[in-house]
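Lifted from TrEMBL, the feature list:
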- His260: active site, charge relay system (ACT_SITE)
- Asp311: active site, charge relay system (ACT_SITE)
- Ser408: active site, charge relay system (ACT_SITE)
- Cys102-Cys111: disulfide bond (DISULFID)
- 33-70: domain 'Gla' (DOMAIN)
- 76-112: domain 'EGF-like' (DOMAIN)
- 220-456: domain 'Peptidase S1' (DOMAIN)
- 1-19: signal peptide (SIGNAL)
Amino acid sequence: MAGIYLLALFPALLLEVYGVPEAHTLLHRQRRYNSGKFEEMLKDNLERECIEETCNMEEAREVFENDEKTVDGVLDGDQCQPPPCQNGGICEDGISTYVCWCKPDFSGKNCEIEVTKQCSVNNGGCSHFCAVEGEYPVCHCAAGYRLKPDKRSCEPIGQRLCAQIQTQLNVRSVRSNPSVEGDGLEDSLVSEMPKEKKTLLWGSPTLPSIQEKNMTNVRIVGGDEVKPGEIPWQSDGFLEAQTFCGGSLLSELWVITAAHCLADPHINTVNFFVRLGEHDLNKDEGPERDHTVAEQHIHHMYDPKLPYNHDIALLKLTSPVELSNERRPICLGPKDFTETIMRESTGSVVSGWGNIRFLGYQATKLQKLQVPYVERPQCKQSSKDHITRFMFCAGYRDEMKDSCQGDSGGPHATSYDGTWFLTGIVSWGEECAVSGKYGIYTRVSRYYPWISQKTGIQISN
């Protein structure tokens, strides 16, 4: 121990006995480049000129042969020494910084991130949701599913799974890079109310007691008839034996719909009911089940005076739905996941018993229509009415295909890897299938925390 102590004091003792120049004559390293030969015979070398000797700017420039590089090298130093780049990355020195040029499979400042192990690539290999935990992606499943042993695929838990259907909707399924990252708050649901609408809109439901000559409750213009059991999450709201709005089954006890469907004072939990398993309004085909409503939950930021912002509501049923092939919930996904599949789908599906044309007859059999997502700038330009960030457009600019009156509250559904997720709620539009106009939908991704908090529907680990 005494030897170590003396060794630690040795440099200090040298400085006390000798001055700095004399001390350096005793403590110095072997010169590697200054061998005593004529320097003019040797290639310029920075270590010889400026480390083994005291150099000036002129001598340093002999090494770099460039003014900018001389200043950078002498005053700033080489940021690539020691090499900071990992996994075979190539370092490029800069002024007080550096850039790593990474190989294709790596990213990050120092090429430290293996790209193939991130949610941004192929959804991290997950069949439902992906979240980065630590340095690696972790897969999660929708309610009613659990992870298989491969920790990537999801399998149903018993019969309580969502969005598994017997027939196949003829829609291409999304398979890209959605994730669960960034989900948390409702993205600050600051009230962003649309201006008072002066155009003829079809958003208002048609109720038996308030029939209006210029408003009817019909929908899905240019769509196709749905096969029984093809859209088992579709619900239908009835008031005094007449259908007035659609909805989607989220679980055995919860239905989601548009808030404006419930805004009329004639509607309360006593005088209307929800029907599941419906296909033909004019026939009793067997799978239909009627459920009374125990609770209504209209979003707290919904304003009936400006009825299409935050146009979302939840209905808690008095008794649980008996699930079957014709009555099954649609899945819910977290914000980022839902937003991504909505945007990247080649065509989501809307459905309902709405009018088959504006102010036309109501469909008696459930109709469906595949609608593409419309980018926000194009969406906003299509309407003089205010389209908030809690809405989105879908549909066709110049084709006679659209949702219409009577489809309000119904689902905008998107398939991801064979599972169907709720991505929107039919909300409003300017007439139906008008050139240059689109259907407007409630952006479900913005409300996932609210829905989850009210219903208890959670992601499965």
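One is the number of the first residue shown, and numbering goes on along the chain from there.
Glycine too: its Cβ is placed from the backbone N, Cα and C atoms.
Here the Cα atom of Cys111 (disulfide bond) is found 51 Å from that of His260 (active site, charge relay system). When the active-site residues His260, Asp311, Ser408 are compared by Cα distance to Cys102 (disulfide bond), the shortest distance belongs to Asp311. Other C-beta atoms found within 10 angstroms of the C-beta of His260 (active site, charge relay system) number 24, with every protein chain shown included.
When secondary structure is read from DSSP and collapsed to three states, His260 (active site, charge relay system) falls in the helix class.
Residue environment of Cys102 (disulfide bond) contains 21 other Cβ atoms, counted within 10 Å of its Cβ in all protein chains.
Distance noted between the C-alpha atoms of Asp311 (active site, charge relay system) and Ser408 (active site, charge relay system) is 10 Å. Helix, strand and coil content of the domain 'EGF-like' (76-112), in residues and according to DSSP, is 1 helix, 12 strand, 24 coil. Counting only the Cα atoms, the space from Ser408 (active site, charge relay system) to His260 (active site, charge relay system) is about 8 angstrom. Here the domain 'EGF-like' (76-112) has a mean pLDDT of 87 out of 100.
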